[in-house]
Amino acid sequence: MALRTMLTRKIVGSGLGIGLLQSRSLQTVALPDLAYDYGSLEPVISGEIMQLHHQKHHQSYVTNYNKALEQLSDAIVKGDASTVVKLQAAIKFNGGGHINHSIFWKNLAPVSVGGGEPPKDSLGWAIDLHFGSVEALIQKINNEGAALQGSGWVWLGVDKELKKLVVETTANQDPLVTKGLSLVPLLGIDVWEHAYYLQYKNVKPDYLKNIWKVVDWKYASHVYEKEFPKS
Amino acid sequence: MQIFLHLKNGILNESFISSFKCSVQMKCISRRTELGWDIRIKCSSLPHLQKVEHYGLRRAPKVVAYYGLKRPPYKLDALEPYMSQKTLEMHWGEHHRGYVEVLNKHLGKNDILYGYTMDELVKVTYNNGNPLPEFNDAAQVYNHDFFWESMQPGGGDSPKLGLLRQLEKDFGSFTNFKENFIEAAITLFGSGWVWLVLKRKEKRLAVVKTSNAVSPIVWDDIPIICLDLWEHAYYLDYKNDRGKYANVFMNHLVSWHAATARICRAQSFVNLGEPKIPVA
C-alpha cells in the first residue's frame, strides 16, 4: 500500500459546485495542489498520511466551508440574522482548516528541494535576535506543540506592528489571526492527531522532532521578507 | 506525616496496612457516591520517612496510593472487528495509562488534592470553568474509564423497558436518538466527547458534546453513555471516517446494560416521575 501511495500523483482540487455558486458571484475555495508527491516526504511523514491528510481532511474542510459559505450568503440575502450567527462556528472551523492546511503544505518540502535547510538572511538574523538560535526556536516550538492539549496548531508568526517573531498555539482550526490581528503566520505545524497518528502513534514529540527535516524555511523567509522588505 | 490511601471500589488489603511498623491511627470514612462506594483511610503518626538512612533504622516503605489504571471489563481483542485490538492496546495501554501516570505525578508534587474520589477530583480541578493543570489528566482518566464501561462485546441493539421508554419520551423514538447522537459526533469540532446525559434540573435525557477533556459531571449532570471522539480513538480503524465510527459504536459496541445500570442509579438522585403501571 505504501508503494501505491508513493506512485499516486497529487490530486487536482474538486470543482464540484463551483459552477453553480459562481453564478451567484460567490467566491468559493478549492483544494490546492501539493508541489510534491505524497511519498516525497518519507520517512519523516509517510505517504499514507500525506494522502489522507490532503485528500480527505483538507478536502472535507474545503467542501464544508463552501457549503457553509453558501448557507451564509443565503441567510444574509434573506436577512436571517440568527442563522448568520449560527454559521460562524462552522465557517471559523472549516475556513480556518482550509487556510491553515494551505499554509502547511507550503511549509513542507522534500529534502531534495531544500526541505530542512536552516533559514538564512533576514529571517535567520531575526530568529537569532529573538530566540538566540534556530535550535532554541525549534525547541520552544516543540515544547509548545507537545504541551498542547487536544487538537490545534503551533505557529511561528511575526507581529507586523511590533516587528517581532512570536511562537503561538491555536486550538482546533483557529487561524493565527485569532491570537492577534497583526500576526502573520510564517510556519505552522499541525498537531492534530490525524497529522501523525498512523506513523508515530501517540509519540507526538517524535513527530515534532522529525518534521524539521522537511520544513521549507525558504517559504517562511519569503513571507517574512514580504512583510519586512530589505531596505 | 499523613498518608492518604484512596481506594475506588477496591478491596482493602489488611496485610498491606499492617506492614507499616508503627502505631497507626486509622480513620475510615466511607461514603456513598453516585458511581459507587468510596473508602478513604487516613493514617497518621507514621515515622519520618525522609532522613533515616544515617540512623541505621530500616526505612518504612514509602507507599503512596493515588489512582490506578482500571482495566476495561473485557479482553482487549473482544471488540473486534469494530474496535481492533491494536486500537485498544494503544488507546488503553498508552493514552489512558499515560493520563493516569501524569495525574499521579501531579499529585505527587502537591498534596492539596489528596483524598478525592475520581468524580470529585474532576469537579474540583475544573474549578468552575477555570481548570487547574491537573484537570486535563483527571478528567481524561474519568472519561476513559467511563468509555470502556460504556462498551461491550456484542453491544448495540437497543435498550429495553424503562430506559427505552425514557429515550422515547425525550427524543421521540430510539431511531431519532441514534440519529441525534451520530449527528453530534459528526459535527463536533476538534477533539472531544459525545455523551448521553440525564440532566438533573430538566429531569430528562439529552445528547451533549464536550471539548477536549470536559465531561458533563462538571455541570452536575449524570452521564449514561459516552463516545470518545479524539482522533486517537478511531484513526487506526476508520482513518478520518468519523461517521462510520459513530455508527459502528451505536450499532455494535454500546452497552445498554451499563447504561441501564447507570440510569437506575441516577434515578435515586433525579425524580423521573412515576412508573407507568398498567391498569388491570
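Quick reminder: no glycine exception, Cβ is built from N, Cα and C everywhere.
Annotation comment: TrEMBL describes A:30-109 as domain 'Manganese/iron superoxide dismutase N-terminal'. Among the features that TrEMBL reports, Mn(2+) binding site is placed at A:His53, A:His101, A:Asp190, A:His194. Taken from TrEMBL, the feature domain 'Manganese/iron superoxide dismutase C-terminal' covers A:120-221.
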By the criterion CB under 8 A from chain B, which of the binding-site residues A:His53, A:His101, A:Asp190, A:His194 would you report? A:His194
Would you please pick out, from the binding-site residues A:His53, A:His101, A:His194, the one with the fewest other Cβ atoms within 10 Å of its Cβ? A:His194
Under 8 Å by Cβ from A:Asp190 (Mn(2+) binding site), same chain, sequence gap 6 or more: A:His53, A:Asn100, A:His101, A:Phe104, A:Trp153
Grab the pLDDT values for the domain 'Manganese/iron superoxide dismutase C-terminal' (A:120-221) and give me their mean, rounded. 94
When secondary structure is assigned with DSSP, how many helix, strand and coil residues does the domain 'Manganese/iron superoxide dismutase N-terminal' (A:30-109) contain? 62 helix, 1 strand, 17 coil
Where DSSP helix means H, G or I and strand means E or B, what are the helix, strand and coil counts for the domain 'Manganese/iron superoxide dismutase C-terminal' (A:120-221)? 52 helix, 25 strand, 25 coil
Specify all same-chain residues, apart from the site residues A:His53, A:His101, A:Asp190, A:His194, whose Cβ lies within 8 angstroms of the center of the Cβ atoms of the Mn(2+) site, ordered by sequence. A:His54, A:His57, A:His58, A:Phe104, A:Trp192, A:Ala195
